[in-house]
Amino acid sequence: MTIKIGITGGIGSGKSVVSRLLEVMGVPVYISDVESKRLTASDTQIRRELIGLLGEEVYAGGELNRPLLASYIFGNPEHIRTVNGIIHPRVRDDFHRWVEQHTVCPIVGMESAILIEAGFAGEVDAVVMVYAPEEVRIARAMQRDAVPRELVERRVRSQMSDEEKRGKADFVIVNDGETPLIPQVLGVITSLSKNIDYFCLSENRLHPGINK
Ligand SMILES: CC(C)(COP(=O)(O)OP(=O)(O)OC[C@H]1O[C@@H](n2cnc3c(N)ncnc32)[C@H](O)[C@@H]1O)[C@@H](O)C(=O)NCCC(=O)NCCS
Ligand SMILES: Nc1ncnc2c1ncn2[C@@H]1O[C@H](COP(=O)(O)OP(=O)(O)OP(=O)(O)O)[C@@H](O)[C@H]1O
């Protein structure tokens with residue numbers, strides 16, 4: 001049986017860094033942000049429903065009009081729920097398909113900033129929260145995306161607070177820039193994989209010679 005872990009935490013907490021470490025340690029991770037963007041660009045049902053909601057402009061030039069969608073959802077909880085209701089069921093289905101393709105892996109992950117808000121916590125066996133103080137998260141996101149504080153704060157406010165998320169997590173990884181990360185990530189894997197060999201065999205190791 002494959003153990004599914006959810007990796008969550010607010011904007012700028014360091015989920016991508018933790019997911020990268022998990023992957024290096026042999027745990028493949030489904031990155032919801034990346035996959036939801038792929039689906040939003042390619043899935044005809046999402047396209048149809050977003051156009052129904054926001055007009056043709058939301059796919060101006062064939063591409064998702066990200067600023068338009070962002071200004072529609074961030075700052076309005078009702079709008080965010082509507083858009084999530086269009087995109088997230090497709091992400092859930094896609095994640096299930098992805099898990100089916102990774103049944104050889106004892107542990108897989110799903111990374112999402114809004115794992116709990118989106119109801120994805122029910123899709124996983126354990127929730128790992130990446131925690132950093134809000135001020136640190138805001139500073140990181142401003143620097144990473146070269147955006148003003150106000151924009152980051154609006155997104156922070158559109159997500160469940162990390163204090164609330166903490167209470168719903170099975171594991172908390174502190175990524176405050178001081179506490180070492182690698183031992184904490186290893187600790188989670190060790191705790192989950194007490195009786196299993198957690199490494200996901202790569203294609204080459206599964207089918208030696210296939211690429212030769
Ligand atoms: C709204 C969009 C167009 C904004 O794009 P933009 O390039 O400006 O920002 P980016 O995608 O880098 O998002 C920055 C951060 O905003 C937060 N965020 C994104 N979508 C959401 C959401 N629906 N609810 C709360 N926070 C969100 C995340 O922390 C994310 O990392 C884009 O995020 C999107 O298509 N979101 C809908 C898909 C989704 O729900 N993704 C979240 C993971 S399932
Ligand atoms: N421990 C750390 N020390 C220094 N910089 C860090 C640390 N952790 C993360 N960062 C940096 O902070 C930024 C945010 O981290 P990351 O992209 O992993 O966050 P995230 O939780 O995935 O954010 P988002 O929800 O916005 O996608 C990145 O530029 C990353 O390199």
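Just so it is clear, glycine is given a Cβ too, placed from its N, Cα and C backbone atoms.
What you are looking at is a predicted structure, and each value in this text was computed from that prediction instead of being measured.
Of all Cβ atoms in the protein chains displayed, 24 besides its own lie within 10 Å of the Cβ of Gly14 (ATP binding site). The ATP binding site annotation in TrEMBL covers Gly12, Ser13, Gly14, Lys15, Ser16, Val17.
Take the mean position of the Cβ atoms of Gly12, Ser13, Gly14, Lys15, Ser16, Val17, the recorded ATP site; other residues of that chain with a Cβ within 8 Å of it are Gly9, Val18, Val130, Ala132, Arg140, Asn175.
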